[in-house]
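Here the structure is laid out as structure tokens; the discussion comes afterwards.
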Ligand code: NAI
């Protein structure tokens, strides 16, 4: 149910690939809440064409940008301000990719060119996005920037591979840049640590089916869905969370603070 929480707010949404994407659901919810935005994704992802449907549905324009490429990002930020008619209030970074995972390399057998590409796309891109926004003076006071992360940054999930390290790097960038964005521009920066979610990126993790059901059974409220995540992001883009910054916010139905659940114990009980 819409509450008009983002009426008059403008922003950029990275990472809507298809209708399962967390960024896709977030774009739909932001639109329902009265926000306006530019959609962006890597040029290669555009070729799949699905993002056009989302743009049509939400009355948005699309500007392709590889989030690791500074020229693309400068062009994106400049054009977005032209299209939206002013500075920005929110930015969602919903981007992740590990070449080692894609190519089936084990954590103990990484190809370091792949490792470097993965942290550039999944973590340093967040710094690049924020540095571009910061230097272009593109954010309004009390703006809000969110990136999506996973708890493998704190605890080991073996099949999450080098994405665990990329997420730790991403979360650190949120804290470090959050300081400067807060002090200098009154802008907040947070990461949302989301439950496993069946998307293209999520399903790339080996054994995802077992992983997602285990997380669901371990979480008192069950896994948070992509739509739940979209709702949480709306709250972080709204004026109701102005003093929340430099946080890694667990959005996981309670998983991260649960030692074990009765359902999981039952699975291991002999009788
Ligand atoms: P997705 O596959 O729908 O989205 C990933 C997006 O990253 C795609 O749109 C892809 O085109 C984009 N991308 C990749 N390389 C890029 C580049 N160089 N420049 C610009 N964009 C690029 O999957 P999902 O799950 O919606 O992922 C969104 C975020 O949520 C990621 O950061 C992911 O790690 C995070 N996350 C996902 C979870 C899951 O289980 N699906 C759990 C926790 C966090």
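Cβ atoms here come from the backbone N, Cα and C positions, even for glycine.
In the three-state DSSP scheme, residue 150 (active site, proton acceptor) is classed as coil. Look at TrEMBL and you will find 150 (among others) tagged as active site, proton acceptor.
Cβ neighbours of residue 160 (active site, proton acceptor) (same chain, under 8 Å, six or more residues apart in sequence): 150, 152, 205. Summarising the annotation, TrEMBL assigns active site, proton acceptor to 160 (among others).
Residues or ranges marked as NAD(+) binding site by TrEMBL: 15, 21, 22, 95, 167. For residue 15 (NAD(+) binding site), the same-chain residues 6+ apart in sequence whose C-beta sits under 8 angstroms from its C-beta are 21, 22, 23, 41, 92, 93, 94, 95. In the three-state DSSP classification, residue 15 (NAD(+) binding site) falls within coil.
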Item checked: Around the Cβ of residue 21 (NAD(+) binding site), the count of other Cβ atoms that are within 10 Å -> 25
Item checked: Of 21, 95, 160, 167, recorded positions neighbouring ligand 1, Cβ under 6 A -> 21, 95
Checklist line | Long-range Cβ environment of residue 167 (NAD(+) binding site), under 8 Å and at least 6 residues apart | finding: 96, 122, 123, 149, 150, 152, 153
Next item on the list: Provide the number of Cβ atoms within 10 Å of the Cβ of residue 95 (NAD(+) binding site), excluding the reference atom itself.
Entry: 25
Next item on the list: Measure the Cβ-based neighbour count of residue 150 (active site, proton acceptor), defined as the other Cβ atoms within 10 Å of its Cβ.
Entry: 26
